[in-house]
Structure formats: C-alpha cells, structure tokens
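For reference, the structure is listed below as structure tokens.
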Amino acid sequence: MSMEGFYSRYRLFPIFFQIFRLASGGCMRYLHGQSALRSSELFSDKEPSVFNPWHDLVPGKEFPYEFDCLVEIPQGSRVKYELDKATGLIRVDRILHSANYYPVNYGFVPRTYCEDGDPLDIFIFCEEPLLPNTIATVRSIGVIEMIDGGESDDKIVAILSKDPLYKDYRHIEDLPVHLVRRLTRFLEDYKILENKKVEVKEVHGSPIAAKILTQAAELYQANIKKLNPKA
C-alpha cells in the first residue's frame with residue numbers, strides 16, 4: 001500500500017478516537033451518578049422538578065381577553081387527558097364511557113384556580129385538532145355556566161387567535177348556533193353512562209367570561225402558597 005493510501009485510510013482514526021473518548025467519558029459519568037437524572041431520582045417517591053404549565057406558564061399581558069392556555073384534549077378524541085398537578089405532565093384519566101367525542105379542543109387556563117380544586121377549563125374552537133400539552137394563544141368569547149356533581153364547573157369558550165376561520169369572532173353570539181348547541185349537548189351527555197349528573201345552566205358572553213377568568217386568577221394568587229410550593 002502506498003503512503004498516500006495509508007494516510008487516506010487511517011487519517012480519520014484520531015477523530016474516531018476523540019468521539020469514543022467523549023462518549024465513554026459520558027457513560028462513566030452516568031455510571032458514577034453524575035447524569036442529569038440520577039438513579040436515586042428514578043426510584044425516589046419525591047416528584048422530579050419539571051416545568052409545570054399550571055404554575056409556570058404565564059397567560060400574558062392581554063389576559064383575560066387574549067392569553068395563552070394549555071391544550072389537554074384534541075377535538076375528535078374520546079380519551080380524557082388531564083393535567084397531573086404534581087408533575088405538570090399530561091395523564092390519561094379515562095376513556096369516555098359514551099360514544100361521544102370532544103367536539104372542540106379542550107384545555108385549561110394557567111395560573112387560575114376554581115372551587116373544584118382545578119384550574120379553569122377552556123374550550124378552544126379551531127379548524128384542526130390541537131396536540132395535548134401544546135400552548136395555544138386564544139381569545140375568550142364566552143363561558144358556559146355548568147354544575148358537575150353538585151359543584152360549579154364553568155367552561156370558558158374561546159377561539160384560536162390565529163385560526164383563519166375563527167379569528168374574527170369576538171362574541172359567542174357570533175358563532176353558528178349549531179356549534180354552541182352541539183357543545184352544550186356534549187356536556188350534558190358525556191357522563192351519563194358514568195352515572196354522573198352534569199347540568200348546563202346558561203351560556204354567557206365575553207364580559208361574563210372576562211369576569212370569571214379574573215376571579216379564577218385572583219383565587220389562584222390567594223392560594224398560591226398552597227398550590228405552588230416553588231412560589
């Protein structure tokens with residue numbers, strides 16, 4: 001073999017050696033407990049510290065009219081996803097017992113708190129299903145006053161701000177009546193086979209929605225030490 005061929009074949013050896021050295025060093029650090037997630041954390045009862053959208057996601061300066069929320073359930077789904085409040089992750093709660101599916105994207109408003117112990121729920125009208133655990137900028141257009149299991153469980157109604165079909169809607173009265181009736185009917189029916197009673201009382205416009213959003217944000221701030229140990 002010529003010297004030129006020798007150097008051509010083996011000139012990459014130093015690079016491969018450096019890659020191997022760095023990789024093996026990372027593995028050794030992992031084996032010695034220096035990884036980002038230590039083995040003691042894997043088997044500990046203590047929840048790992050992660051970004052919790054309920055507490056760490058900021059709704060924005062235009063709240064309570066236009067703000068960021070977190071999507072939990074895409075429209076068309078029969079899977080009831082919900083926020084795991086301890087970890088900030090999205091957990092599968094259950095499969096809907098009925099043949100119904102969520103007609104509208106569903107999520108929650110960060111840094112809000114309600115009588116049922118959860119953040120304020122929100123329906124998001126949009127042309128497409130939105131993936132769980134994604135941030136959506138929305139504009140509130142109304143609220144559905146609802147009783148679930150004897151407790152107040154109001155649902156904010158909003159539109160995705162950048163959806164070309166819905167972006168010009170300002171009030172729930174502007175939506176086609178059929179869309180609102182389909183949503184309220186879903187709420188009345190989706191827990192029947194679970195032997196749970198849901199009562200839809202009234203649909204209100206954007207001024208009442210803004211009031212309920214503000215109250216939920218104030219209630220969160222009043223209970224922040226209890227809800228968010230990091231605060």
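Cβ coordinates are placed from backbone N, Cα and C, and glycine is handled just like the others.
Noted in TrEMBL for the protein shown:
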BINDING   K80, R94, Y106, Y190  substrate binding site
BINDING   D116, D121, D153  Mg(2+) 1 binding site
BINDING   D121  Mg(2+) 2 binding site
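TrEMBL feature annotations superimposed on the structure.
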residue: K80; record: substrate binding site; CB count, 10 Å: 17
residue: R94; record: substrate binding site; CB count, 10 Å: 11
residue: Y106; record: substrate binding site; CB count, 10 Å: 23
residue: D116; record: Mg(2+) 1 binding site; CB count, 10 Å: 14
residue: D121; record: Mg(2+) 1 binding site; CB count, 10 Å: 24
residue: D153; record: Mg(2+) 1 binding site; CB count, 10 Å: 20
residue: Y190; record: substrate binding site; CB count, 10 Å: 21
Just checking the binding-site residues D116, D121, D153: which sit within 10 A of Y106 (substrate binding site), CA to CA?
D121
Could you check which of these binding-site residues, K80, R94, Y190, sit within 10 Å of D121 (Mg(2+) 1 binding site), going Cα to Cα?
none
Taking the Cα atoms as reference points, how far is D153 (Mg(2+) 1 binding site) from Y190 (substrate binding site) in Å?
14
Can you check what DSSP calls R94 (substrate binding site), collapsed to helix, strand or coil?
strand
Using an 8 Å cut-off from the Cβ centroid of D116, D121, D153, can you name the remaining same-chain residues around the Mg(2+) 1 site, in sequence order?
C114, E115, D118, L120, M146, D148, E151, S152, D154, K155
In the same chain, which residues outside the set K80, R94, Y106, Y190 have their CB within 8 A of the centroid of the CB atoms that define the substrate site?
I73, R78, V79, Y81, E82, D93, L96, Y102
Max Cα-Cα distance in Å among K80, R94, Y106, Y190, the residues listed as binding substrate?
15
Would you kindly give the Cα-Cα distance separating K80 (substrate binding site) and D116 (Mg(2+) 1 binding site), rounded to the nearest Å?
17
Based on DSSP, name the secondary structure state of D121 (Mg(2+) 1 binding site): helix, strand or coil.
strand
Per DSSP, D153 (Mg(2+) 1 binding site) is which: helix, strand or coil?
coil
